Amino acid sequence: MNDVFLKALPVLQKLTTAGFEAYFVGGSVRDYLLNRTISDVDIATSAFPEEVKEIFQTSYDTGIAHGTVTVRENNEFYEVTTFRTEGTYEDFRRPSEVTFIRSLEEDLKRRDFTMNAIAMDEHFALQDPFSGQLAIQNKEIKAVGKASERFHEDALRMMRAVRFLSQLDFELDKETEKALESQIELLQHTSVERITVEWLKMMKGKAAKRAIELLLKVKMETYLPGLKDEKSALSEFASWDWEKRTTEESIWLGLVVAVKPNNVNAFLKAWKLPNKTIQLVNKAYQYALNMKETWLTEELYHAGKAVFSLVNELNVIRGQENNQHKVSQAYEALPIHSKKDLAITGADLLKWSGESAGPWVKETLDKVECGVLSNEINNEKIQIKRWLGYHEE
(Lines of atoms letter the chains of each structure in order from A; the text may use other names.)
(Lines give C-alpha, C1' and ligand atoms only; values in the text may rest on other atoms or scores of the structure.)
Protein backbone atom coordinates (compact mmCIF):
# COMPACT_ATOMS: atom_id res chain seq x y z
CA MET A 1 0.00 0.00 0.00
CA ASN A 2 1.16 3.53 -0.79
CA ASP A 3 3.05 5.28 2.02
CA VAL A 4 0.85 8.38 1.76
CA PHE A 5 -2.21 6.30 2.67
CA LEU A 6 -0.39 4.41 5.42
CA LYS A 7 0.75 7.66 7.00
CA ALA A 8 -2.80 9.05 6.97
CA LEU A 9 -4.41 5.80 8.16
CA PRO A 10 -4.52 6.84 11.87
CA VAL A 11 -6.90 9.68 10.91
CA LEU A 12 -9.39 7.19 9.47
CA GLN A 13 -8.90 4.84 12.41
CA LYS A 14 -9.60 7.55 14.99
CA LEU A 15 -12.81 8.46 13.22
CA THR A 16 -14.03 4.88 12.87
CA THR A 17 -13.09 4.04 16.48
CA ALA A 18 -15.33 6.94 17.52
CA GLY A 19 -18.19 5.30 15.62
CA PHE A 20 -18.11 7.22 12.35
CA GLU A 21 -17.47 6.24 8.75
CA ALA A 22 -14.27 7.56 7.17
CA TYR A 23 -12.74 7.09 3.74
CA PHE A 24 -9.99 8.23 1.43
CA VAL A 25 -11.77 9.82 -1.55
CA GLY A 26 -11.24 11.58 -4.85
CA GLY A 27 -8.03 11.98 -6.80
CA SER A 28 -5.79 10.03 -4.42
CA VAL A 29 -7.91 6.87 -4.83
CA ARG A 30 -8.11 7.36 -8.60
CA ASP A 31 -4.33 7.82 -8.87
CA TYR A 32 -3.73 4.79 -6.64
CA LEU A 33 -5.78 2.66 -9.05
CA LEU A 34 -3.80 4.13 -11.96
CA ASN A 35 -0.40 3.62 -10.26
CA ARG A 36 0.21 7.36 -10.46
CA THR A 37 2.18 9.41 -7.93
CA ILE A 38 0.08 10.47 -4.93
CA SER A 39 1.13 13.65 -3.14
CA ASP A 40 -1.70 14.06 -0.65
CA VAL A 41 -5.03 12.54 0.34
CA ASP A 42 -8.57 13.79 0.85
CA ILE A 43 -10.57 12.29 3.68
CA ALA A 44 -14.38 12.22 3.88
CA THR A 45 -16.36 11.23 6.97
CA SER A 46 -19.87 10.88 8.36
CA ALA A 47 -18.72 12.87 11.42
CA PHE A 48 -19.95 16.46 11.44
CA PRO A 49 -17.30 19.20 11.82
CA GLU A 50 -17.86 19.68 15.56
CA GLU A 51 -17.60 15.91 16.06
CA VAL A 52 -14.33 15.80 14.10
CA LYS A 53 -12.92 18.57 16.30
CA GLU A 54 -13.78 16.61 19.45
CA ILE A 55 -11.82 13.58 18.20
CA PHE A 56 -8.56 15.35 17.32
CA GLN A 57 -6.47 17.31 19.77
CA THR A 58 -5.38 19.87 17.15
CA SER A 59 -7.75 21.11 14.47
CA TYR A 60 -8.36 24.23 12.38
CA ASP A 61 -11.54 25.54 10.76
CA THR A 62 -10.10 25.86 7.26
CA GLY A 63 -13.37 25.41 5.36
CA ILE A 64 -15.95 24.94 8.07
CA ALA A 65 -18.84 26.33 5.98
CA HIS A 66 -18.34 23.46 3.54
CA GLY A 67 -17.61 20.92 6.26
CA THR A 68 -13.81 20.92 6.05
CA VAL A 69 -11.66 20.77 9.18
CA THR A 70 -7.87 20.45 9.04
CA VAL A 71 -6.53 18.07 11.69
CA ARG A 72 -3.00 17.30 12.80
CA GLU A 73 -1.83 13.71 13.15
CA ASN A 74 1.80 12.61 13.54
CA ASN A 75 2.97 16.14 12.69
CA GLU A 76 1.10 16.04 9.38
CA PHE A 77 -1.98 18.06 8.46
CA TYR A 78 -5.02 16.48 6.81
CA GLU A 79 -8.24 17.96 5.50
CA VAL A 80 -11.25 16.05 6.78
CA THR A 81 -14.57 16.89 5.11
CA THR A 82 -18.03 15.86 6.26
CA PHE A 83 -20.29 14.01 3.80
CA ARG A 84 -22.57 16.62 2.29
CA THR A 85 -25.22 17.45 -0.26
CA GLU A 86 -25.37 20.78 -2.03
CA GLY A 87 -28.25 23.08 -2.97
CA THR A 88 -28.71 24.84 -6.29
CA TYR A 89 -25.72 26.45 -7.98
CA GLU A 90 -26.62 30.06 -8.65
CA ASP A 91 -23.26 31.22 -10.05
CA PHE A 92 -22.14 28.02 -11.84
CA ARG A 93 -19.53 27.47 -9.17
CA ARG A 94 -20.76 27.66 -5.57
CA PRO A 95 -23.82 25.93 -4.09
CA SER A 96 -26.45 28.15 -2.46
CA GLU A 97 -26.39 25.89 0.59
CA VAL A 98 -24.52 22.90 2.00
CA THR A 99 -26.20 20.20 4.10
CA PHE A 100 -24.14 17.78 6.19
CA ILE A 101 -25.27 14.15 5.90
CA ARG A 102 -24.28 10.66 7.07
CA SER A 103 -24.45 8.87 3.68
CA LEU A 104 -21.29 8.19 1.68
CA GLU A 105 -23.18 7.44 -1.53
CA GLU A 106 -25.09 10.73 -1.38
CA ASP A 107 -21.77 12.53 -0.90
CA LEU A 108 -20.13 10.76 -3.86
CA LYS A 109 -23.18 11.55 -6.01
CA ARG A 110 -22.27 15.28 -6.11
CA ARG A 111 -18.74 14.69 -7.48
CA ASP A 112 -17.73 15.44 -11.06
CA PHE A 113 -16.59 12.20 -12.71
CA THR A 114 -17.08 8.55 -11.79
CA MET A 115 -13.31 7.95 -11.55
CA ASN A 116 -13.25 10.62 -8.81
CA ALA A 117 -16.25 9.16 -6.97
CA ILE A 118 -14.53 6.10 -5.48
CA ALA A 119 -13.91 5.79 -1.74
CA MET A 120 -11.41 3.55 0.11
CA ASP A 121 -11.80 2.56 3.76
CA GLU A 122 -9.20 1.85 6.45
CA HIS A 123 -8.92 -1.78 5.27
CA PHE A 124 -8.32 -0.53 1.70
CA ALA A 125 -11.66 -1.90 0.50
CA LEU A 126 -13.30 0.19 -2.22
CA GLN A 127 -16.78 1.71 -2.29
CA ASP A 128 -17.66 2.38 -5.92
CA PRO A 129 -21.40 3.05 -6.37
CA PHE A 130 -21.00 4.74 -9.77
CA SER A 131 -18.65 2.22 -11.45
CA GLY A 132 -15.62 4.47 -11.42
CA GLN A 133 -13.27 1.47 -11.60
CA LEU A 134 -14.92 0.37 -14.84
CA ALA A 135 -14.45 3.86 -16.27
CA ILE A 136 -10.76 3.72 -15.32
CA GLN A 137 -10.40 0.28 -16.95
CA ASN A 138 -12.06 1.64 -20.09
CA LYS A 139 -9.93 4.81 -19.94
CA GLU A 140 -13.10 6.84 -19.94
CA ILE A 141 -14.04 10.17 -18.37
CA LYS A 142 -17.69 9.83 -17.45
CA ALA A 143 -19.77 12.27 -15.42
CA VAL A 144 -21.52 11.10 -12.25
CA GLY A 145 -25.23 11.00 -13.11
CA LYS A 146 -26.26 13.54 -15.76
CA ALA A 147 -23.26 15.31 -17.25
CA SER A 148 -25.34 18.41 -18.01
CA GLU A 149 -26.22 18.77 -14.32
CA ARG A 150 -22.61 18.32 -13.20
CA PHE A 151 -21.40 21.00 -15.63
CA HIS A 152 -24.20 23.36 -14.65
CA GLU A 153 -23.18 23.02 -10.98
CA ASP A 154 -19.60 24.05 -11.69
CA ALA A 155 -18.71 25.17 -15.21
CA LEU A 156 -14.99 24.63 -14.53
CA ARG A 157 -15.69 20.88 -14.66
CA MET A 158 -15.75 21.23 -18.45
CA MET A 159 -12.17 22.46 -18.39
CA ARG A 160 -11.31 19.72 -15.89
CA ALA A 161 -12.67 17.11 -18.30
CA VAL A 162 -10.30 18.29 -21.03
CA ARG A 163 -7.44 18.50 -18.53
CA PHE A 164 -8.02 14.91 -17.32
CA LEU A 165 -8.07 13.72 -20.94
CA SER A 166 -4.59 15.21 -21.33
CA GLN A 167 -3.17 14.03 -18.01
CA LEU A 168 -4.51 10.46 -18.15
CA ASP A 169 -4.71 9.96 -21.93
CA PHE A 170 -8.37 8.97 -21.53
CA GLU A 171 -11.44 9.62 -23.71
CA LEU A 172 -14.68 11.38 -22.80
CA ASP A 173 -17.74 9.16 -22.93
CA LYS A 174 -20.35 10.23 -25.51
CA GLU A 175 -22.87 11.73 -23.09
CA THR A 176 -20.19 13.74 -21.26
CA GLU A 177 -18.77 15.10 -24.53
CA LYS A 178 -22.25 15.94 -25.81
CA ALA A 179 -23.04 17.88 -22.61
CA LEU A 180 -19.67 19.61 -22.84
CA GLU A 181 -20.43 20.83 -26.35
CA SER A 182 -24.01 21.91 -25.62
CA GLN A 183 -23.16 23.83 -22.43
CA ILE A 184 -19.77 25.27 -23.30
CA GLU A 185 -21.03 28.87 -22.98
CA LEU A 186 -21.30 28.32 -19.21
CA LEU A 187 -17.50 28.57 -19.09
CA GLN A 188 -17.82 32.35 -19.32
CA HIS A 189 -19.02 32.33 -15.70
CA THR A 190 -15.73 30.82 -14.48
CA SER A 191 -12.91 32.99 -13.14
CA VAL A 192 -9.85 33.41 -15.34
CA GLU A 193 -7.57 32.36 -12.47
CA ARG A 194 -9.25 28.92 -12.27
CA ILE A 195 -9.17 28.53 -16.06
CA THR A 196 -5.45 29.37 -16.15
CA VAL A 197 -4.66 26.69 -13.55
CA GLU A 198 -6.53 24.05 -15.59
CA TRP A 199 -4.92 25.21 -18.86
CA LEU A 200 -1.43 24.73 -17.44
CA LYS A 201 -2.30 21.29 -16.05
CA MET A 202 -3.72 20.34 -19.44
CA MET A 203 -0.57 21.49 -21.26
CA LYS A 204 1.63 19.47 -18.90
CA GLY A 205 -0.30 16.28 -19.69
CA LYS A 206 0.90 13.55 -22.02
CA ALA A 207 -2.05 13.97 -24.40
CA ALA A 208 -2.08 17.77 -24.67
CA LYS A 209 -2.48 17.60 -28.47
CA ARG A 210 -5.66 15.50 -28.22
CA ALA A 211 -6.95 17.73 -25.44
CA ILE A 212 -6.59 20.84 -27.62
CA GLU A 213 -8.28 19.03 -30.51
CA LEU A 214 -11.27 18.30 -28.24
CA LEU A 215 -11.18 21.85 -26.92
CA LEU A 216 -11.48 23.12 -30.51
CA LYS A 217 -14.16 20.58 -31.39
CA VAL A 218 -16.46 21.87 -28.64
CA LYS A 219 -15.47 25.53 -29.31
CA MET A 220 -14.04 26.00 -25.82
CA GLU A 221 -11.44 28.44 -27.17
CA THR A 222 -14.28 30.98 -27.61
CA TYR A 223 -14.34 31.40 -23.83
CA LEU A 224 -10.60 31.40 -23.18
CA PRO A 225 -8.73 34.74 -22.88
CA GLY A 226 -7.66 36.08 -26.28
CA LEU A 227 -8.35 32.81 -28.12
CA LYS A 228 -11.70 33.49 -29.76
CA ASP A 229 -11.37 32.99 -33.55
CA GLU A 230 -7.88 31.50 -33.09
CA LYS A 231 -8.67 27.93 -34.19
CA SER A 232 -5.89 27.72 -36.80
CA ALA A 233 -3.33 29.22 -34.40
CA LEU A 234 -4.29 26.70 -31.72
CA SER A 235 -4.08 23.84 -34.22
CA GLU A 236 -0.51 24.89 -35.02
CA PHE A 237 0.23 25.27 -31.29
CA ALA A 238 -1.13 21.76 -30.65
CA SER A 239 1.08 20.25 -33.37
CA TRP A 240 4.31 21.05 -31.51
CA ASP A 241 6.00 18.48 -29.28
CA TRP A 242 4.94 19.67 -25.82
CA GLU A 243 6.39 16.61 -24.10
CA LYS A 244 9.77 18.35 -24.54
CA ARG A 245 8.56 21.28 -22.42
CA THR A 246 10.51 21.95 -19.21
CA THR A 247 9.06 25.30 -18.05
CA GLU A 248 5.59 26.86 -17.76
CA GLU A 249 6.88 29.99 -19.49
CA SER A 250 7.42 28.04 -22.73
CA ILE A 251 3.67 27.32 -22.83
CA TRP A 252 2.88 31.03 -22.75
CA LEU A 253 5.65 31.91 -25.19
CA GLY A 254 4.39 29.22 -27.57
CA LEU A 255 0.86 30.54 -27.28
CA VAL A 256 1.78 34.13 -28.17
CA VAL A 257 4.03 32.95 -31.02
CA ALA A 258 1.12 30.92 -32.44
CA VAL A 259 -1.56 33.58 -31.89
CA LYS A 260 0.61 36.66 -32.59
CA PRO A 261 -1.60 39.08 -30.64
CA ASN A 262 -1.34 42.80 -31.41
CA ASN A 263 -0.51 43.46 -27.78
CA VAL A 264 1.43 40.60 -26.18
CA ASN A 265 1.40 42.28 -22.78
CA ALA A 266 -2.39 42.70 -22.76
CA PHE A 267 -2.89 39.12 -24.01
CA LEU A 268 -0.83 37.67 -21.16
CA LYS A 269 -2.41 39.97 -18.58
CA ALA A 270 -5.83 38.67 -19.62
CA TRP A 271 -4.73 35.25 -18.32
CA LYS A 272 -3.91 36.88 -14.94
CA LEU A 273 -0.27 35.77 -15.09
CA PRO A 274 2.42 36.98 -12.67
CA ASN A 275 4.22 40.14 -13.82
CA LYS A 276 7.53 38.28 -13.83
CA THR A 277 6.17 35.75 -16.35
CA ILE A 278 4.65 38.48 -18.52
CA GLN A 279 7.92 40.44 -18.64
CA LEU A 280 10.01 37.37 -19.54
CA VAL A 281 7.65 36.13 -22.26
CA ASN A 282 7.22 39.63 -23.67
CA LYS A 283 10.99 40.05 -23.92
CA ALA A 284 11.45 36.63 -25.55
CA TYR A 285 8.61 37.07 -28.05
CA GLN A 286 10.43 38.86 -30.90
CA TYR A 287 13.37 36.46 -30.73
CA ALA A 288 11.07 33.41 -30.65
CA LEU A 289 8.94 34.69 -33.51
CA ASN A 290 11.94 34.25 -35.83
CA MET A 291 12.92 30.90 -34.25
CA LYS A 292 16.27 32.48 -33.44
CA GLU A 293 19.15 29.98 -33.35
CA THR A 294 22.22 32.13 -34.05
CA TRP A 295 22.72 35.05 -31.70
CA LEU A 296 24.82 38.17 -32.25
CA THR A 297 26.87 39.39 -29.29
CA GLU A 298 24.61 42.39 -28.67
CA GLU A 299 21.46 40.27 -28.95
CA LEU A 300 22.76 37.78 -26.39
CA TYR A 301 23.76 40.58 -24.06
CA HIS A 302 20.45 42.45 -24.21
CA ALA A 303 18.32 39.29 -24.15
CA GLY A 304 20.01 37.67 -21.16
CA LYS A 305 20.24 34.03 -20.14
CA ALA A 306 16.60 33.56 -19.12
CA VAL A 307 15.36 34.83 -22.49
CA PHE A 308 17.68 32.86 -24.78
CA SER A 309 17.10 29.71 -22.71
CA LEU A 310 13.34 30.14 -23.09
CA VAL A 311 13.60 30.81 -26.83
CA ASN A 312 15.79 27.72 -27.24
CA GLU A 313 13.28 25.62 -25.28
CA LEU A 314 10.46 26.66 -27.60
CA ASN A 315 12.67 26.02 -30.63
CA VAL A 316 13.19 22.45 -29.39
CA ILE A 317 9.44 22.04 -28.82
CA ARG A 318 8.94 23.21 -32.41
CA GLY A 319 11.40 20.67 -33.77
CA GLN A 320 14.66 22.63 -33.95
CA GLU A 321 18.07 21.51 -32.73
CA ASN A 322 18.89 22.10 -29.05
CA ASN A 323 21.48 24.90 -29.02
CA GLN A 324 21.38 25.61 -25.30
CA HIS A 325 24.97 24.52 -24.60
CA LYS A 326 26.45 26.43 -27.54
CA VAL A 327 24.51 29.63 -26.80
CA SER A 328 25.27 29.37 -23.07
CA GLN A 329 28.98 29.15 -23.84
CA ALA A 330 28.76 32.24 -26.04
CA TYR A 331 26.89 34.09 -23.30
CA GLU A 332 29.40 33.15 -20.61
CA ALA A 333 32.21 34.36 -22.90
CA LEU A 334 30.76 37.87 -23.08
CA PRO A 335 33.08 40.44 -21.45
CA ILE A 336 30.14 41.81 -19.40
CA HIS A 337 26.56 40.65 -18.74
CA SER A 338 25.10 43.98 -17.64
CA LYS A 339 26.12 47.62 -17.35
CA LYS A 340 26.77 46.99 -13.65
CA ASP A 341 29.72 44.82 -14.70
CA LEU A 342 31.57 47.80 -16.21
CA ALA A 343 34.85 48.64 -14.47
CA ILE A 344 33.78 52.28 -14.21
CA THR A 345 30.75 54.16 -12.86
CA GLY A 346 29.18 57.56 -13.36
CA ALA A 347 31.09 58.76 -10.31
CA ASP A 348 34.38 58.00 -12.09
CA LEU A 349 33.30 60.06 -15.10
CA LEU A 350 32.37 63.04 -12.90
CA LYS A 351 35.69 62.81 -11.09
CA TRP A 352 37.77 62.55 -14.26
CA SER A 353 35.96 65.31 -16.15
CA GLY A 354 35.33 67.76 -13.34
CA GLU A 355 31.99 68.49 -15.00
CA SER A 356 28.48 68.53 -13.50
CA ALA A 357 26.16 65.57 -13.81
CA GLY A 358 23.87 65.46 -16.84
CA PRO A 359 22.64 63.27 -19.72
CA TRP A 360 26.21 63.02 -20.96
CA VAL A 361 27.06 60.60 -18.12
CA LYS A 362 24.58 57.97 -19.33
CA GLU A 363 25.57 58.57 -22.95
CA THR A 364 29.25 58.03 -22.09
CA LEU A 365 28.51 54.86 -20.12
CA ASP A 366 26.47 53.57 -23.09
CA LYS A 367 29.45 54.29 -25.35
CA VAL A 368 31.80 52.40 -22.99
CA GLU A 369 29.32 49.52 -22.80
CA CYS A 370 29.32 49.21 -26.61
CA GLY A 371 33.11 49.47 -26.74
CA VAL A 372 33.58 46.68 -24.21
CA LEU A 373 30.99 44.43 -25.88
CA SER A 374 32.61 44.86 -29.30
CA ASN A 375 36.05 44.14 -27.78
CA GLU A 376 37.23 47.57 -28.88
CA ILE A 377 38.51 48.03 -25.33
CA ASN A 378 39.06 45.76 -22.37
CA ASN A 379 36.84 46.18 -19.34
CA GLU A 380 39.64 47.72 -17.26
CA LYS A 381 39.42 51.09 -15.54
CA ILE A 382 42.74 52.52 -16.76
CA GLN A 383 42.15 51.43 -20.36
CA ILE A 384 38.65 52.88 -20.38
CA LYS A 385 39.96 56.17 -18.96
CA ARG A 386 42.56 56.44 -21.72
CA TRP A 387 40.03 55.39 -24.37
CA LEU A 388 37.76 58.24 -23.28
CA GLY A 389 40.65 60.71 -23.57
CA TYR A 390 41.19 61.47 -19.90
CA HIS A 391 44.82 61.89 -18.83
CA GLU A 392 46.53 59.93 -16.08
CA GLU A 393 46.65 61.72 -12.72
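Cβ atoms here come from the backbone N, Cα and C positions, even for glycine.
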- request: Among R102, R111, indicate the single residue that Swiss-Prot lists for the ATP site containing G27, R30, D154, R157, R160, R163.
  value: R111
Message: Tell me the Cα distance separating D40 (Mg(2+) binding site) from R111 (CTP binding site), rounded to the nearest angstrom.
response: 18
Entry from the binding-site residues list R30, R111, R157, R160, R163 having the most other CB atoms no farther than 10 A: R157
Query: How big is the gap, in Å, between the Cα of R160 (CTP binding site) and that of D42 (Mg(2+) binding site), rounded to a whole number?
result: 18
Query: For D40 (Mg(2+) binding site), which residues in the same chain are close in space, meaning a Cβ under 8 Å from its Cβ, but six or more apart along the sequence?
result: V4, S28
